[in-house]
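Here's what TrEMBL has on this protein:
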REGION    1-24  region 'Disordered'
DOMAIN    43-52  domain 'Uroporphyrinogen decarboxylase (URO-D)'
BINDING   Arg48, Gln49, Ala50, Gly51, Arg52, Asp97, Tyr172, Ser227, His341  substrate binding site
SITE      Asp97  site 'Transition state stabilizer'
DOMAIN    160-176  domain 'Uroporphyrinogen decarboxylase (URO-D)'
Amino acid sequence: MSGNDRPEGQPTQTSHAVAGAAADKTSSPFLRACRREPVPHTPVWFMRQAGRSLPEYRKVREDIAMLDSCMRPDLVAEITLQPVRRHKVDAAIYFSDIVVPLKAIGVDLDIKPGVGPVVEKPIRTRADLERLRPLDPEDVSYVTEAVGILTRELGATPLIGFAGAPFTLASYLVEGGPSKNHERTKALMYGDPELWADLLDRLADITAAFLKVQIEAGANAVQLFDSWVGALAPDDYRRSVQPASRKVFGAVAGYGVPRIHFGVGTGELLGLMGEAGADVVGADWRVPVDEAARRVGPGKAIQGNLDPAVLFAPREAVERQAAHILQAARGLEGHIFNLGHGVLPDTDPQALTDLVAYVHEHSAR
Ligand code: 1CP
């Protein structure tokens, strides 16, 4: 199927997402900002822009379990396109979850509604480690297929592939599910540094292989989510996490696609996360974007960072906060507007659509 002979019932494209193989994604504002080149307006996309805030998402997911939906290329493509059509964001993010590659290599896990990823038998010993075999591209052939559909359907809109970073994946595997304090994870990290290093190294290889599948299928950028690494102090990050994250970024450096790195509560880690090899560093709302840029240092773009909870305030308040971020970003080499973490499920989708329009209009150069 080419981009121009879409089957009946398939969505039509948004005005800036013109279908067709020749569509020039390379000069899109998003990719230009990642490369710190001049842009006509600040590009904007939202972490977790697909998902429960959208009625059209809830409708297509009605009778289908989360992990099952991730393995159906038609559904993945449809869900990925939904926020692009609705909000006119500058990039799509591939619909999946960070635990998909772990499921694909046979880890016994599920995504429980209202909870998140739950691992049946947590990984805590050297023997457990053997359950983490390398990822073969064949294990995730549905990803290759879905990215192929998407790169055609998206036209000029770039597609961001993603994966969970070794620390955040390890946290789910060691704890057995979501965790507030990451106590078992830290117990392993401090108590058996050798086993910890081997665990993170294996996860780095799995993550790198998963990102390569997405890039080789056509993803135009990748984001490595280290959502929970803000739980660590800088010295621990440097010693126990940075080598594995660096390995992931190094493994995909040769493709030349922008590499984004993001975590929550990582104000004290921004410099070290940039050092791990990313081209773009995401900041949450606790650090202003200009200060984040100072901490990250020259030669990298910054992504962020509106507090997702602000979207529950009246429109004028949202715009005031957005204006504040655009103002702080004015002197930066490259800025991609985003939230400081994912869209919250109860967010009014109209607030997101309005925010995209506001950012485009008020950053036009
Ligand atoms: O816009 C999009 O396409 C969203 C796709 C997406 C992404 C980027 C999903 C779908 N998951 C993720 C990444 C992800 N998953 C992260 C990193 C990003 C972040 O920090 O928000 C993390 C930490 C997870 C783990 C996870 N999966 C959680 C969090 C649990 C916890 O520890 O608090 C949850 C709730 C899930 C399930 C999940 N993943 C995605 C959706 C839409 C859902 C909800 C389940 C459902 O709809 O049934």
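Quick reminder: no glycine exception, Cβ is built from N, Cα and C everywhere.
Proximity to ligand 1 (Cβ under 6 Å from any of its atoms) holds for these recorded positions out of Arg48, Ala50, Asp97, Tyr172: Arg48, Ala50, Asp97. Same-chain residues lying 6 or more positions outside the domain 'Uroporphyrinogen decarboxylase (URO-D)' (160-176) and placing a CB less than 8 Å from one of its CB atoms are 45, 91-94, 96, 98-99, 101-102, 107, 109, 117-120, 122-124, 132, 147, 182-185, 188, 196, 199-201, 203-204, 206-207, 210-211, 214-215, 219-229, 232, 241, 244-245, 248, 260-261, 263. Around Arg48 (substrate binding site), the C-beta neighbours below 8 angstroms that are at least 6 residues distant in the chain are Gly342, Val343. Around Tyr172 (substrate binding site), the same-chain residues six or more apart in sequence whose CB sits under 8 Å from its CB are Ile98, Val99, Leu102, Leu109, Pro117, Val119, Gly164, Pro178, listed in sequence order. Each of the binding-site residues Arg52, His341 was scored by how many other Cβ atoms lie within 10 Å of its Cβ, and the smallest score goes to Arg52. Across all of the domain 'Uroporphyrinogen decarboxylase (URO-D)' (160-176), the predicted model scores a mean pLDDT of 98. The Cβ of Asp97 (site 'Transition state stabilizer') has Met66, Leu67, Cys70, Ile111, Pro117 as same-chain neighbours under 8 Å, each 6 or more residues away in sequence.
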